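Before any comments, here is the structure.
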């Protein structure tokens, strides 16, 4: 409205009487297309505004800040002291005790040589210590990515029939995973990960944990011939169909160590100060089971062992990367899938512990750190790694102060690779299966699942999460507003029972952006609101038929050309019915687009725009009353 603010006294029903100052509706400041694009890209790609720290700084200081931003170790390194070192060495030694047996176990889960799991616990953590921004993340192989990588590659290549090719494809897939991860971070596309809801992650982790556990039946029961499928029915069928291969020695050892690991985990969960119990338990199991097998030579009585492992540090593997040939597509696909899975887990772990300790991690920097970690790892005989939840939880409970705990862990793994590899020759496969099962049990987050169920039943059903999002986009919520007596507040009539309708007014709230996906639905829904209004008890409207439709648009953040057409079509429909359309509380972008479409000057009339519903009702009530007096 272009008129000056005025004071209007409503003279409708007594509960409607209120003195109202009506304010002008003005268009947003003009911005060029380049300016709008710049603002949108900045908010999309740089929501944290990482360049603000460089403003007003001398050139030398800018170079220092840039180096610290790229390499966080340059930020905390100069201030590192003995107190921090004491804390990190305890954390590093503790997580190394967990990382060594888990590394061997997860490598076998990926159908890779066990030594590759130890290689992956040596070089990648060093890279993350230089580039990572989380002080709680402990890097290494993880069960889910290991299972997916192994299962995808074995569909076309046999790890036993052609082990060299399988290893080459695993390293190549790791390179592509790292390249994809680093690209997301470099291009500031971290928001893509946000499309995975909390409910989706909870469901995915739980489902993956069950699948991983089922796959361990081969080792836990001592079965030689076992299905490669991951479904529940094929796995259970295979387990019982080959019951003649079950080994009672294997089952007894498995049950004993699994109970021990679960009890240790329970103790650490109940008493966080005893975090070292669950962290040391896997290594204790490895040492004890290895001694028992060696002492009684049970490898000849149905208990399989790892066998000899190669001594020495990571050999280079860049010459094994294959960027051509018939298996290139398989490597790229496997890398993409495992890259997304491991990246999501790493980011989620980092954010979880950062929120607990009240500090922030840069999601895009984490993506670049994890990506470069995998790219370097693929050239040093390592496969896909990320921030592992179990190790990170131990690292957090051990009160790690910075990422240096990963360096300490790497040093301990390095010592193991150099001097202690012969000790693992008699380590039984069954204890590795028990370690995997006890680790993935922690991925089944029952309290969080119950919390999601309690808040939103539909969100709990992970399979319909995408469908739910589509429904929210294509079927946005619209509600009928009424006035709370004695105030100038308008709220949902079904929510606030004391709110009342205003005769002759249909006031609606559109609670979503208006675009091509929902404009047709909104047109039909608004017309249905009008039909429902007209079909109500005629006595309610004995003094006033429908005169005005007022969409309250404070939550309509954006609009496209289909949305503009929707409002134009709605206005033409209202004119045919003799009803006036008034728009309230337009945000800047929506108002600007509607104005640009108003070429004939017959759409965005000044007297059809208001800042609030209260001002619109006050002004239009007086206008209707004046028209009624003139008619009389």
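Each Cβ is built from the backbone N, Cα and C atoms, and glycine gets one as well.
Check TrEMBL against the ranges 44-67, 164-187, 308-331 and you find transmembrane segment recorded for 164-187.
The transmembrane segment annotation in TrEMBL falls on one of the ranges 11-32, 275-296, namely 275-296. Using the rule of three or more Cβ pairs under 8 Å, pairs at least 6 apart in sequence, the transmembrane segment (112-131) is not in contact with the transmembrane segment (246-263). With DSSP classes pooled into helix, strand and coil, the tally for the domain 'STAS' (495-620) is 58 helix, 20 strand, 48 coil. Listed as Cβ neighbours of the transmembrane segment (89-106) (distance under 8 Å, sequence separation of 6 or more from its ends, same chain) are residues 114, 117-118, 120-121, 138, 140-143, 146, 275-276, 279-280, 282-283, 285-286, 306, 388, 390-391, 394-395, 398-400, 404-409, 411-413, 416, 424, 427, 431-433, 435-436, 439.
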